[in-house]
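In TrEMBL this protein carries:
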| type | residues | note |
| --- | --- | --- |
| DOMAIN | 305-533 | domain 'GP-PDE' |
| TRANSMEM | 12-30 | transmembrane segment |
| TRANSMEM | 55-81 | transmembrane segment |
| TRANSMEM | 102-121 | transmembrane segment |
| TRANSMEM | 141-160 | transmembrane segment |
| TRANSMEM | 191-215 | transmembrane segment |
| TRANSMEM | 235-256 | transmembrane segment |
| TRANSMEM | 276-299 | transmembrane segment |
Amino acid sequence: MKRIKLNTLFKWVVALFIYNLVAKIIIYFAQKTLPDFYRVDTSSLTSLTDSASKYLGSLLGIIAVYIVLWFMFAGIVLHFLRRSWGEESEKHFIRQLLSYKLHISIAAFIILMIPLVEFGLKVPFAQYLALPKTFVDTVSGFWANTTFTVCYLVLILLLIKFRHISYFAIYQDYSLLDAIRTSAREGMTSAILLFLKSIIRLVVASGICFALLYFVQLFADTFFDVNNRRLIANVLLAITSALMYVITAYILNLYVALLTTDHKKDSETKLRGSSIFLQGLMLIAIGAGSTLLSGNYFISPREKYLVIAHKGVSYPNAVPNSLIALKKTIATHPDYIEIDIQPTKDGVYVLTHNTKIKTVSGDTLDISKTNWSTLKTKKVAEDGHQFYLTSFSKYIDLANNKKQKLLVELKLNQTVTDEQLKQFVAKYGKQMKENKSEIQSMNQNVIKRIYQYTSLTTGLLSPVKNTVDGNKISKFYAIEYSKVDAHLSNQIRHHNKDLYSWTVNDKLDVETAYMIGVNGVITDKPRETRTILKNISERLTYRRAFISMILNQQSDI
């Protein structure tokens with residue numbers, strides 16, 4: 001098998017960047033045909049159905065857009081595959097592009113790439129499927145990570161073992177079953193050696209590059225003023241973004257190399273010095289373009305920041321949304337305590353994150369279908385804790401007594417009528433006004449409608465980037481941390497609104513969030529987070545944050 005060569009990598013980089021740029025533009029305009037989330041009426045199932053019918057054409061159009069984009073990416077991969085197979089004629093290109101066998105192969109590769117996109121790779125479609133960092137952190141742990149790693153390595157070995165299925169099925173036009181049988185008879189030694197050598201080479205080279213960039217920023221942090229530190233950090237972000245494109249191209253080319261039979265050769269021309277120089281300039285332009293268009297760069301921080309205790313806890317393993325945790329969390333002096341509330345069958349709002357609870361006796365109860373008189377007698381078993389649910393009224397009474405402000409998330413997973421919202425305000429509005437509470441909800445139309453009945457501060461909660469405008473409905477936006485970027489932050493700042501990010505527990509993430517303009521950090525560690533924010537606000541240093549930005553802030557370009 002052949003080694004990966006520089007000019008092949010460069011062609012991959014250019015193809016990836018152009019594809020990601022075109023896809024970003026097309027998706028942007030396609031999504032403009034859909035309404036803002038908060039405008040979709042969720043007051044009844046009929047209203048929701050009417051909204052879906054009204055925008056059915058737009059939804060189908062977006063599906064068509066993604067299908068076209070998929071075939072565009074498949075065409076790029078097929079081009080490099082055919083080249084590696086020694087196929088110069090375009091005679092069978094369309095037939096091969098329409099082959100389901102090609103798409104199965106590419107889909108398998110993209111699924112394998114989803115975890116790596118979490119670390120900044122630029123793989124098309126895998127970027128759309130990557131889970132938000134907050135959700136990944138929630139399930140992370142020693143055994144979960146170990147199990148995942150073992151399964152991932154097994155999948156890689158299966159890919160290596162059956163690596164030539166694509167060649168036999170697509171190029172030689174074998175049936176899929178015959179291609180599997182033929183590929184299974186082939187050895188793995190040369191492919192495993194190629195894989196190991198390539199990965200070691202990649203890890204060493206990228207490690208050296210990241211280390212050099214780190215020390216450049218360390219020098220800037222030590223000797224330059226804050227504005228020049230930020231400028232240099234953004235330049236390094238552009239370089240790092242280009243590096244991530246090279247790493248992505250390297251992995252894609254390794255994938256193509258593994259799918260290539262041993263006897264096929266790829267012709268390469270020797271690079272001249274002028275060609276290397278030109279490619280270097282283009283890589284810099286790609287890195288700068290990716291950084292500017294993605295919004296993954298640093299801006300001046302907000303003057304003030306808020307620390308918000310997530311689920312009412314002051315440390316990760318505390319009992320969430322409980323009176324016991326409230327008392328301990330108040331002692332850490334957060335600016336707000338964030339809690340989740342949802343209604344019971346008889347309209348009593350209780351604190352719980354989950355729509356269903358499991359009792360110590362093994363029963364499963366649906367909150368919305370059970371009366372409070374029953375729920376309050378049941379001891380809940382959750383994440384190793386045993387506790388009783390708390391009513392919102394009792395919780396906010398204690399918060400008011402301690403002068404602790406709340407950020408209240410209305411978890412309404414079903415349709416809710418205007419009358420039900422009026423009843424909520426009538427029942428809890430006085431307590432919340434005394435508390436100076438803020439209200440947010442993933443059901444953004446609820447915020448639009450409840451705004452009519454209360455003077456409380458309301459905001460839009462979203463796990464993805466949200467449309468930002470000057471409406472009076474939202475005084476703040478609460479966005480999942482890895483989806484926040486400088487573009488979003490600047491838009492929100494332009495409208496004189498606040499930007500909260502969730503759930504931010506790692507020191508590097510807290511620092512990075514502050515450096516991209518977040519002014520409300522929702523965290524499981526309020527005491528530690530305040531200390532981090534205090535220290536970084538007194539002296540901004542970027543040497544850790546610029547790498548964290550690339551590895552943790554998800555980007556589609």
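Backbone N, Cα and C atoms are what each Cβ position is placed from, and that goes for glycine too.
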Checklist outcome for this item: Same-chain residues at least 6 beyond the ends of the transmembrane segment (55-81) with a Cβ under 8 Å from one of its Cβ atoms are 8, 11-12, 15-16, 19, 22-23, 26-27, 30-31, 33-35, 93, 96-97, 102-103, 106, 124-125, 166, 170-171, 252-253, 256, 259-260
Item to check | Close approaches to the transmembrane segment (235-256) from elsewhere in its chain (Cβ under 8 angstroms; 6 or more beyond its ends) | outcome: 4, 8-10, 12-13, 16-17, 77, 80-81, 84, 109, 113, 116, 120-123, 194-195, 198, 202, 206, 209-210, 213, 216-217, 283-284, 286-288, 290-291, 294, 296-298, 546-547, 549-550
Checklist entry - Residues of the same chain, at least six outside the transmembrane segment (141-160), with any C-beta under 8 angstroms of its C-beta? => result 108-109, 112, 115, 188, 191-192, 195, 258
Item to check | Distant-in-sequence neighbours of the transmembrane segment (191-215), which means Cβ under 8 A and at least six residues beyond its ends | outcome: 1, 4, 156, 160, 163, 236, 239-240, 243, 247, 250-251, 254, 257-258, 543, 546-547
